[in-house]
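Undergrad: Provided herewith is a single structure, encoded as structure tokens, for subsequent inquiry.
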Amino acid sequence: MARPRSLVSPLLSGVFCQCDTVSGAPHSHETPASPSLAAAALAADPCGGLLCGGPEHERRLQILFQELDVNKDGAICINDLAVGLKRLGVHRTELELRKIVKAGDKDQDGQLDFDEFVHYLRDHEKKLRLVFKSLDKKNDGRIDAQEIMQSLRDLGVNISEQQAEKILKSMDKNGTMTIDWNEWRDYHLLHSAENIPEIILYWKHSTIFDVGENLLVPDEFTVEEKQTGMWWRHLVAGGGAGAVSRTCTAPLDRLKVLMQVHASRSNNMSILGGFTHMIREGGFRSLWRGNGINVIKIAPESAIKFMAYEQIKRIIGSNQETLGIHERFVAGSLAGVIAQSSIYPMEVLKTRMALRKTGQYQGVLDCGKKILLQEGLSAFYKGYVPNMLGIIPYAGIDLAVYETLKNAWLQRYATSSADPGVFVLLACGTVSSTCGQLASYPLALVRTRMQAEASVEGAPQMTMSKLFKHIVKTEGAFGLYRGLAPNFMKVIPAVSISYVVYENLKLTLGVQSR
């Protein structure tokens, strides 16, 4: 269903520059049949926009501010904005209104005074102008359906021409099936969204979803985010969210490792039985064995993956700010291989610490020292091959499923709302991550068993292929999925906790929520 067309009154559009961005010619208004007193005052059209600073500039802003200041207290609150815009024929959701006030509220008193209001409009128009130019691929001062399709395609979203025309019609006031600068600006006036590509930015997910396996393809960051330092704030927020999430779900993660290594047909370990065994052997605190090193490795792995991803993007020669789906998969998988190769000894330490018995090691350093002395340096790379092979199905299937779900939602709802909402984001991320884990789980199990070989009494030293054959022969295909139940049990709480902590850390670090 197409988005209802927003009829912007002359009072609103009059506060902006009315010059055509290409020719510089003034853009004429059609005077309404029954204009209000305030609108009539703005009917004259000398260039009085925010950026041009014409003679009518200050007066127009004052009149608009007074119209929106419904209770006449010298400030615009969310309720004033809702009522005032509705009177002027502009309808915004409560969430959009909150974002507008938050974006302009410099003193954080929950409302906009005149100076804050002017600053918000000035800043907003500059952003809108930059976005308009980026979408105007033909450089002719107008955006058509093909340019909308191309812009979204560059960001990994494929929509039909019919869908693009629906988006176009929601902004096209004169029926030309193109959008000029004034139509673009008027439509987005006092709207929290700043661009069509922002639809995509809602769908960033790898920094939010931490389910214990950091194998997702990295998110894209815009040039603006890189220049302003927002990229590292996102990574720090994601790392903090991952640390809290992993700590909260650590008992399930340790149970998964125990079942992967010790469960078999002769030792059919249940979830309840596994927890009982851990508590009896080492007490309640033993449920968190291996969690420390699992949290510590988040920072180096995320940093190395991000840097590798950016370098690989340059090597493959992409001049685009964001990559296509296939390029993202290749670059993301290679970045994952580099990051995992760099921190893989920490993966082995995590497995050994999770499997340790009470008193076996004094800590992570003691564990590493004993492995080095007793097994040699090569022990820190046991299970390396299946781990690397697991990156491809995990990252590929997660990306493919997520993009499929994203496109399905956008095809149906993007013309009525850019924001998919928390539930849709969490649901899509959970489903795609679960599918990725399911596909790569046999490789993950073989990796864990190879990492644990020397710590398990009587365990045979096998290559990856021999271990696969041994498991299938002795336990059947089901043996490749030991520990899958606790692994899936932790997905929903892990994703939910990650999201909540991530959003709160973003606010603390000063990252503006989209």
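Just so you know, glycine gets a Cβ as well, placed from its N, Cα and C.
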Undergrad: Out of ASP80, ASP105, which one does Swiss-Prot list together with ASP69, ASN71, ASP73 for Ca(2+) 1?
TA: ASP80
Undergrad: Look up the topological domain names in Swiss-Prot for ARG60 and LEU258, then state whether they lie on the same side of the membrane.
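TA: Taking the topological domain names from Swiss-Prot at face value, ARG60 sits across the membrane from LEU258.
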Undergrad: Quick one: which of 39-52, 333-346 does Swiss-Prot have down as transmembrane segment?
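TA: Here Swiss-Prot associates transmembrane segment with the stretch 333-346.
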Undergrad: In Swiss-Prot, which of 235-252, 361-378, 451-468 is tagged transmembrane segment?
TA: 235-252
Undergrad: Restricting to the same chain and to residues at least six past its boundaries, which positions have a Cβ under 8 Å from a Cβ of the transmembrane segment (383-402)?
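TA: Distal contacts: 203, 205, 213, 215-217, 325, 328-329, 332-333, 336-337, 340-341, 344, 347-348, 428-429, 431-433, 435-437, 439-440, 443-444, 446-451, 464.
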Undergrad: If you skip the near sequence neighbours and keep only those at least six away, which residues in the chain come within under 8 angstroms of ASP105 (Ca(2+) 2 binding site), Cβ to Cβ?
TA: GLN111, LEU112, GLU116
Undergrad: Helix, strand, coil: count each for the residues of the topological domain 'Mitochondrial matrix' (253-289), based on DSSP.
TA: 27 helix, 0 strand, 10 coil
Undergrad: Would you identify which of the binding-site residues ASP73, ASP107, GLU116 has the most other C-beta atoms lying within 10 angstroms of its C-beta?
TA: GLU116
Undergrad: Show which residues of the chain containing ASN71 (Ca(2+) 1 binding site), separated from it by at least 6 in sequence, have their CB under 8 Å from its CB.
TA: CYS77, ASP80
Undergrad: Below 8 angstroms Cβ to Cβ, which residues of this chain, lying six or more residues outside the transmembrane segment (333-346), approach it?
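TA: Tertiary neighbours of the transmembrane segment (333-346) are 214-215, 217-218, 293, 296-297, 300-302, 304-306, 308-309, 312, 368, 380-381, 384, 387-388, 391-392, 395-396.
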